[in-house]
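Q: Annotations per Swiss-Prot:
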- HIS178: active site, proton acceptor (ACT_SITE)
- VAL17, ASP38, LYS43, GLY82, ALA83, VAL121, ALA122, ASN123, SER146: NAD(+) binding site (BINDING)
- GLN85, ARG91, ASN123, PRO124, VAL125, ASP126, ASP151, SER152, ALA153, ARG154, THR233: substrate binding site (BINDING)
- ARG156, HIS171: beta-D-fructose 1,6-bisphosphate binding site (BINDING)
- TYR224: phosphotyrosine (MOD_RES)
Amino acid sequence: MGLQGPAKVAIIGTGYVGSSTAFALLFSPLVKEMVLVDVNHAKAEGEAMDLAHAATLIRPVEVYAGRPADCAGSRIVIFTAGANQQPGQTRLDLIHRNTAIVRQALPEILHYCPEALVLMVANPVDILTYVAWKISGLPENRVLGSGTVLDSARFRHLLSRHYRVDPRNIHAYVIGEHGDTEVPVWSLANVAGVDLEEFYLMDGMREEEAFRVEISHQVREAAYEIIERKGVTSYGVALALSRIIECILRNEHSVLTISSVIRDLYGIDGEVALSLPCLVGNEGREKVLAIPLVAREKAALKHSATTLQQLIAQLSL
């Protein structure tokens, strides 16, 4: 599929994440039309009306509430529908309830837009990305999850505050599960190509291992901290999704830590969906990058994959 003009996207679910994503996409010239689909159609209508009014102040874009049939012609299906994570819950606690929602809704949506890419957002996103791939019959490159794109941004944010450097000049990734077993890749983190420890030494300071442990903890716990305080995460994930969508529609070939189905990589036996740095363009996932990991990162990634595989095995797919 070649590079195309402004596209139509379908947003399934108009909760905090779905509506925040729609709002973020109002500012993207790459999106010309958005259809909002929700089991609560009145809620979708209200969100669409509000967004359509806002669009008048930004640029011409068509926003409306629809049914599955109205998803016809969509370039990307953004699946946010699902039960929200509550305070004290892990993302994995949502597995059976949200798997049932994906199984019920996604096939009908794709019936009307069989050429679309699927961007899974609902949690647990890695498992639901795998479920979406399995039940849709789509090739692996066309079923993506938001993965650890936001986690990687959180990692860079915390590093930027510590090192007092623009986060756009920090290269650092979080891989594996979007959740409790995620793996910050410290061995490759750098500022403009300069290893973090060397960068710190330039100021005559020495980095302590305790610092890395604390930053890793903060990245992992960030969503829980936000949910405890405001009940939901929305803005960060909405902009992470906007970034992924623009990367696809602009055919950027950018490196993003999306979740997708992989098999037999990094010593992981069998198949699983998890996040790794991938080239992303208008075909979806174009390539999974084989980044060099140190032994403990490889072990942590394998543990993350095994955790996800054990949970997937509990589902009848």
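Backbone N, Cα and C atoms are what each Cβ position is placed from, and that goes for glycine too.
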Q: Pick out which of the binding-site residues ASN123, SER146, THR233 has the most other Cβ atoms within 10 Å of its own Cβ.
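A: Neighbour-count leader: SER146.
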Q: Helix, strand or coil: which one is VAL125 (substrate binding site) in, per DSSP?
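A: Note: VAL125 (substrate binding site) is helical by DSSP.
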Q: Counting Cβ atoms within 10 Å of each candidate's own Cβ, which of the recorded positions LYS43, ARG156, HIS178 comes out highest?
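A: The largest 10 Å Cβ neighbour count belongs to HIS178.
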Q: What count of other C-beta atoms do you get within 10 angstroms of the C-beta of VAL125 (substrate binding site), across all chains shown?
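A: So the number of other Cβ atoms within 10 Å of VAL125 (substrate binding site) is 30.
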Q: Counting all other Cβ atoms within 10 Å across every protein chain shown, which of the binding-site residues VAL17, ALA83, ALA122 scores highest?
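A: When each Cβ's neighbours within 10 Å are tallied, ALA122 leads.
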Q: Say we define neighbours as other CB atoms within 10 Å of the CB. Which of the binding-site residues ASP151, ALA153, HIS171 has the fewest?
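A: Least crowded of the binding-site residues ASP151, ALA153, HIS171, by Cβ count within 10 Å, is HIS171.
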Q: Widest Cα span across the NAD(+) binders VAL17, ASP38, LYS43, GLY82, ALA83, VAL121, ALA122, ASN123, SER146, in Å?
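A: Answer in Å: the longest Cα-Cα distance is 24.
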Q: Give me the Cα-Cα distance between THR233 (substrate binding site) and VAL17 (NAD(+) binding site), rounded to a whole Å.
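A: One finds 7 Å between the Cα atoms of these residues.
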Q: Among VAL17, ARG156, HIS178, these being the recorded positions, pick the one whose CA is nearest to that of ASN123 (substrate binding site).
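A: The answer is HIS178.
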Q: Using a Cβ-Cβ cut-off under 8 angstroms and a sequence gap of six or more, which residues of the chain neighbour TYR224 (phosphotyrosine)?
A: PRO87
